[in-house]
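Database features (Swiss-Prot):
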ACT_SITE  Glu142  active site
BINDING   Cys99, His141, His145  Fe cation binding site
Amino acid sequence: MIKPVLKMGDPCLLQPARRVDQFGTPELEALLQDMQDTMAALNGAGLAAPQIGVSLQVVIFGVEHSPRYPDAESVPFTVLINPVLTPLTEQMEEDWEGCLSIPGMRGLVPRYTRLRYQGVDAAGASIDRTVTGFHARVVQHECDHLNGILYPMRINDLRKFGYTDTLFPGQTIADD
């Protein structure tokens, strides 16, 4: 079921999410289906459970040849629960980000260029991946939601944060 996405300013988005302790439950399966339906309906690159009002450490993400990210490499669809991120470099790169919880806006956000993420999938099986580039950026963005962090909190220069139609006049860039 498609759920409404909470917007920046909602206190639920600023709270740390709780760990998932039980796997294979009807409640977890329903949450994951709702998240997938919502992300697909909004053409998102990812979605965190807190964005639909559920304070659990659950994120989903995945991008395949999206017109919204024409230059981005594909990111395999992933369900990631109770994630732990470990930067594998001190090198950071700034790039433009948007968010379904902050429609119509973009900001230049620094992110680690290479990291390892670990967690579990919907069945409780271990996930352990090392990623770079856009994949690393998407994982960091989604996992920030689990710690009550929205991307504007990471921006170094607020002159590089604004409305999409003002920052990129004449370009068609969908809301994230």
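Note that Cβ sites are derived from N, Cα and C of the backbone, with glycine treated the same way.
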**Number of other Cβ atoms within 10 Å of the Cβ of Cys99 (Fe cation binding site) across all protein chains** = 29
**Prompt:** How many neighbouring Cβ atoms, not counting its own, are there within 10 Å of the Cβ of the residue listed as 'active site'?
**Reply:** 24
**Request:** Calculate the distance in Å between the alpha carbons (Cα) of Glu142 (active site) and Cys99 (Fe cation binding site), and round it to a whole number.
**Result:** 9
**Request:** Tell me the Cβ neighbour count for His145 (Fe cation binding site), meaning other Cβ atoms within 10 Å of its Cβ, over all protein chains shown.
**Result:** 24
**Prompt:** Just how many other Cβ atoms lie inside 10 Å of the Cβ on His141 (Fe cation binding site)?
**Reply:** 24
**Item:** Near-site residues: Fe cation, ref Cys99, His141, His145, CB cutoff 8 A to centroid
**Value:** Gly46, Ala48, Gln51, Glu97, Leu100, Ser101, Glu142, Asp144, Leu150, Tyr151
**Message:** On the three-state reduction of DSSP, what should I expect for Cys99 (Fe cation binding site)?
**Reply:** strand
